[in-house]
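Take a look at the structure below.
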Amino acid sequence: KMAAAAGAVAAAGLWSEVNRCGQNGDFARALKSVNKILQINKDDVTALQCKVVCLIQNGNFKEALGVINTHTKVLTSDVIAFEKAYCEYRLNRIESALKTIQSASQQTDKLKELYGQVLYRLERYDDCLAAYRDLIRNSQDEYEEERKTNLSAVVAAQSTWEKVVPEDLGLREATYELCYNSACALIGQGKLNEAMKKLQKAEELCRQSLSEDSDVTEEDIEAELAIIHGQMAYIMQLQGRTEDALQLYNQIIKLKPTDVGLLAVIANNIITINKDQNVFDSKKKVKLTNAEGVEHKLSKKQLQAIEFNKALLAMYTNQADQCRKLSASLQSQSPEHLLPVLIQAAQLCREKQHAKAVGLLQDFADQHPANAAEIKLTMAQLKIAQGSVTKACMILRSIEELQHKPGMVSALVTMYSHEEDIDSAIEVFTQAIQWYQQHQARTNHGCRVFQPKSPVHLSLIREAANFKLKHGRKKEAISDLEELWKQNPKDVHTLAQLISAYSLVDPEKAKVLSKHLPSSDTMSLKVDVDALENSHGATYVRKKAGKLTGDNQQKEQGQGEVKKKKKKKKGKLPKNYDPKVTPDPERWLPMRERSYYRGRKKGKKKDQVGKGTQGSTTTGSSELDASRTASSPPTSPRPGSGAAVSATSNVIPPRHQKPAGAPATKKKQQQKKKKGGKGGW
């Protein structure tokens, strides 16, 4: 009894310590006191609960969950349901957290709050929206603003990922979080300019609210603004302002934000901008998408987009095996998704295996008929790249839901025309027109009323008629033209085409139809001839043709006089110009056409090249010697020369001197020189 009494006294002191530490927020110290209490009584429910709470407050969620699971008999679901679900939620065991919440006998407000968070993480947005609406309606405390923020986040997610048009919740956007979520919802609707304005407002509100706290630095503000700036850059990227977006993305990365989800999204967006360029930068950025915990921060579609881009990057960097591995993994996760099989086909095309790529696409189209249209379009593109236009046409015509579309009809007709298969092109027109005749009807009092006046229908008929006329199929064009004229009897252009077609087939019918043409009086245009002639365009044409009359001619003459008065610049005279000497009247003619031209002396320079001593020139060296003046004494003659020469005479080298008594040998020597190449001693 004495021991029990002492234990009770000690436990009371420990509980006082736990209470004091809890109020001060010192949960580590409180945990020590709780453990001492459990040593006295290991099955104390309150002590176990306090231990779990202390562990949660210290961030030890795994240990806290371990305590709950080892004391299931004492800590029943009614007692510890919220703490257990919260630990599972924080450990990213979202499905387990949902089961724990749903199995609780009593749904407290805390469990409802956690239930909303769990539904959001599971991307069950409709249920999440209903849960938060119920919380806001039935709660009155200081956390109302946080609940409204969460509600707006759910609406933004619906708009972004499920393409649901968000309803107006009537929330007053007084905080930057609400403004940010509203901007995200607008981005989901494609209202980019409005979204940008909301983000600018969110940035302003964020700066205002954080600047009020003196402990917050500018770096802290920039870190908080990083997510807002990230969305701004995303809008710029969607608008095609890739340079501005890239600059803002890199600024955010330099801040090194702690949010791994934000960094992963920004890195992924940079990779999409780089595409097949700047691959080294993309390989660096892709590391940010592999950070720990990213998979718990992003939605399934965001994670899927990142994986797709990893596969594409592997393809661009010629990592064929890695590309195939990633795309195969993606296809196993989402068998009905188009992108994995398209990436695999693109990789095969890069390896020049076009036939294998087409086979892969065909297998996918057979297995998933709902997505066959887009796959078949890709198959047709590959066939065109291979030069198999006819096969491409066959593939396109097999897409039943697109056969009647004007774009498809235009593409098929163009390709058949390129292959000179006019009959098949006309058949395409006929099938499309028949489709509109069969399907463009509406029920009116139980009767099917056809609407051949549809603009698309009439446009196809007109294009078919023009095509047939262009290719000489006038008989086939007549029925189309008659249909068009029947729909619009006032269409003179169609009537003229019809008469032209009948003139070659049935002239009598053409005469009958020509009576429906309007008379020349009704077709005459009321034109003011004087105004037309005096218009700027008409004056310009007459001026160009050189036909001027009346006032215009006088005006042109007056303009000519003004032009004559303009002072002309004096021409530049040659440097050796002598005003006393009369210029050569034939100076403008080419030299060969002048009367005094006697032709060019042949062989003069040729004879001089390569003859004489090395270094000799045709000009006397004395002319180039500045030391030779009039007062200088005459030098001795050069060796081999007949006599001394003056400074102004030409010096003839020894080999250039004509040998005495050998005039006939010169020609032979020249011939030998031509045959032998360069001369020498």
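Positions of Cβ are set from backbone N, Cα and C atoms, glycine also.
Remember, TrEMBL labels are computer predictions, not curated facts.
What TrEMBL says about this protein:
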| type | residues | note |
| --- | --- | --- |
| COILED | 94-149 | coiled coil |
| REPEAT | 226-259 | repeat 'TPR' |
| DOMAIN | 543-599 | domain 'Signal recognition particle SRP72 subunit RNA-binding' |
| REGION | 543-681 | region 'Disordered' |
| COMPBIAS | 575-596 | compositional bias 'Basic and acidic residues' |
| COMPBIAS | 610-644 | compositional bias 'Low complexity' |
#### Entry: For the domain 'Signal recognition particle SRP72 subunit RNA-binding' (543-599), mean pLDDT (0 to 100)
68
### Task
Sort the residues of the repeat 'TPR' (226-259) into helix, strand and coil with DSSP and give the three counts.
26 helix, 0 strand, 8 coil
### Summary
Across the compositional bias 'Basic and acidic residues' (575-596), DSSP labelling yields 3 helix, 0 strand, 19 coil
